[in-house]
Every structure is written in structure tokens, then in C-alpha cells.
């Protein structure tokens, strides 16, 4: 996994202060000489399969922008197209309610497997081959979905598709982050998250496009073939991540790729390549020195309090997002619209309302989350979608037979509130885990978080119909999903520390504190976030809401107890 942006920026500052420009230039000269020698012996150094190259390397960024967009669109599309198919697929294949629940849940179940193979695949094959493999899985899965003739075939297709979703979803952001220049790295990774939401809206739109065709669900589910084929073709023009090549000790190949996609004419590009090499060496040293269990470092999650706190904290954030039912609502959107009185055709069209709300909700998070901080953002957004769940639950108490417009209007208001606020909150899903794990455990932690996310999605989606029958629609939306959101809000107020504007070293110190001390700090500063929200001008002069800055305490030793 890549280092967070703040770590790379710290490393760049360190390069400027500890290593003079001559040392950076000497590395580049040596590699240029090796490159020339290699070219004279073998003709050229491999830089990629089709070796797309621009006269100005900076233009390569636009290719990465398009690629990140395509990856996000594909992931989001495949997660939402099942909603439109749900109205027709069960009837054509003769599925009962329980069988159709597994059809919906088979993709997140497959994605658990994709998340579990994420680290080994990235380590053994690299980012480039992992994305190629995920595109192939996408293509096979979508083709089998479109041609399914029975229950077993559609389940197999959905699981294969899920493997692609789990593998691609964790690899593309890493690939982009390791390839583009640091100034726009955060924006492009955020763009990927935005395009997932855009792809989900596109999935509902695709369902509406094919609505009146015979066998419409086959076209709906098979539509992702277009995007997976385009993405697979585009990958042939792209190189392996230079940071992965450096990680594997293939320094000359890493330099050849870097020269192709970033250039070495500017001082900043040369220094960043130098720092990339130094940071890889540093990570190896940290992994060798920090792990308590040298052979199986993942055991540190159970035996080292600092690592255990990060594991619990990151994964509670994952569970809070998934167990409030967002994926179940997204997969069953058309069915839910049908339940409150819309006919099949209108139910498909109205699904765009929920998807569009989710998409629009991600926009404020992209621009404002860094300004207000993770803790403040989470604790403001979560009550918002809790209110949405309350309104959705209340809408089921209005009889569609007696007052159809009131039932539909109330449900749509609740859905818009829920999806919009959840879109804002969901951006924390990957931000929090990516910055709280110790460096030497980050790949293990992210694999765990990815697998848990999809596992929770599977559990919620598979049991959605049965839970509606057992609890009633109001009981499920208001009692179960709303209850989890309420418990989660209390948890966040008490246990969620602020990591905004903190370096990895400061976050490490933060999680070395006993949990009781973190809770005490949060309680003392509970009103600080709201105060800062209304006094924006003072924001930057203070520590983030809910947790004081640790910069002044960097020299203090914090006892690490249970």
C-alpha cells in the first residue's frame, strides 16, 4: 500500500534538508548511465507493453485521470445494475425470495474473496497485473450474468464479478496514488471515489435505458462488458507502478517508467524519485525493526495495544457504514420504490433519485472534509442519515392505497436525506483506515478492512428480504438500521480521535495512548468542533475539534498500556 500524502511530503522535506541536490543528481546520472548501457546491450529497457509515451510527460496525467474515472465507474456500475434487474430476473429464472437474496448478495460475497487476495496479488504480480486480472474477472462475470439460464449460473457469475470488484477496488487507487505527481495525488484518489458514486447513478440509468426491451435484465447486467473491455484495452498502454518496481528492487525499470510518465527535467520530479527510493528503503527497515512477530507481523494486531486499537477503530468505522443498510438499499432500490406504490417502470426511473443523492453527497466531502476534520465530519454527517432512516421508517406507516402521494413523497424525502448524508460520511470509509494503521502493518490492515466491508455488505444484503419480513419495513429501517446509526454516533463521540493534519508519527503517538485517555480528551473537547464550525476564521489556529494536536507532545514518552 502507498504511504499517505503527508508522509511523502515529510519525506520530501527531509530530502531537501538532509540530502543536497548533488546527491539527487548523482543518482539520476548513474541511472541514466545504466539505462544507456542496458539499451546498448538489449536494445531497450522495458517500460510497458505498448509503451504509450508523450513528448511532455506531464500529459500522462490525463491518461491516469481517464483511467481512474473508468475504474471508479466500472466498480460503481456493477454494484448498482442489479437494482433494475431485480424486478424482472427472479420471474424469468423462477427464483424465490431467498434465492434472489443470494443473487444480490453473491457479488459482495465474491468481493470478500477479491479483498483477501488483494495483498498477495499486488505483492506477487504487481499493480498492473492485478488490475488486468480484475478486468478479466469483470468481463467473465458480466458475460455469464447476461447469459445465465438458471440459479447456479447466475450465482457463479455474480461471485466471479465480485472477485473483480474486490481486487480492482483496492488496487486502482493504489496504482494511481503511486504514479501521479504528489500535488494532485489526493485529488485523483478522491476523483476515484467520486466516480464510484457516478457509476452507481449510471447503473440506474442503464436499467432505465433497457427497460422496455425483451429480456431487459440481460442487457442491464451485461452492460458492464463495455466498460471492462475499454478498461482492459486501456491498461495495455499503461506501465507498472514505479513504486512497486522500486519495492521489488527493479530500480532501473522503475527509473525508466518514471522518466516516461513523469520526466526528470524538473528538480521536483528528480527529488521525488530520490525520495521514493529512500522511503522504500525506510519501509523495509521499519518492517524489520518494528514487528514483534517477525515471521507473522499480522499477529501484532492481537498482541500490540497500539496496533489493536487501530484495527478496532478502523473496522468499527467500516461496520458503521455498512450495517446501516446502504448496500442493501442500493441493490434493492427499484424493489423498494415498487413497495411504496411506483409501478415497475417508474420504480426504475425513481431509483435515480437515490443514486443521484449519493453522488451529490460526495461532493462536499471532497472539498470540506480536510477543512473540518474527520471527527467533526463524521459526527455531523451520521445524525443526518439517521434522520433520513427515521423518515423512511415513518413513510411505511402511510398507506399507499389511502394516500399514495404522501407515502411516496415522505419516502423520497427520507431516501434523499439518507443517501446524501451517507455519501458525505462514506468518504471516511477509506480515509480513516489508510492513515491509522502502523506503516509495517498497513497492507495487512487494509486487506482486513476491505474484506470486512464486503462481508458486512453480504450479510446485510443477503438478509434484507428476510429481515423486512421479520421486522416489518418500518422496524428494519428505523429500529435496526437507525438503531445501529444511533449506537455508532455515541461510539464516535466517545472513542473517535481526530487525525486531521497529523503526521504518521503523531498518529502513532495518538494510538499509543490508553483508550481511557482518548475518551477523556474527547469528552473535554466535545463542544470544540461545533464552536470551530461557527468560527471558521479561527480554525487553522487551533487543534482539530475533539482532539488536541500532539505536535507539542512529540518529545514526551507515552506509556503504551492496555
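Just so it is clear, glycine is given a Cβ too, placed from its N, Cα and C backbone atoms.
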Quiz item: When TrEMBL marks a stretch as transmembrane segment, which of 17-39, 155-177 is it?
Solution: 155-177
Quiz prompt | In contact by Cβ distance (the transmembrane segment (128-149), the transmembrane segment (444-464); 3 or more pairs under 8 Å) | solution = no
Self-check item: Recorded stretches the transmembrane segment (410-432) and the transmembrane segment (349-369) touching, at least 3 CB pairs under 8 Å
Solution: yes
Quiz item: Restricting to the same chain and to residues at least six past its boundaries, which positions have a Cβ under 8 Å from a Cβ of the transmembrane segment (349-369)?
Solution: 80, 83-84, 190, 193-194, 197-198, 200-201, 203-205, 207-208, 329-330, 333-334, 337, 342, 377, 412, 415-416, 418-428, 431
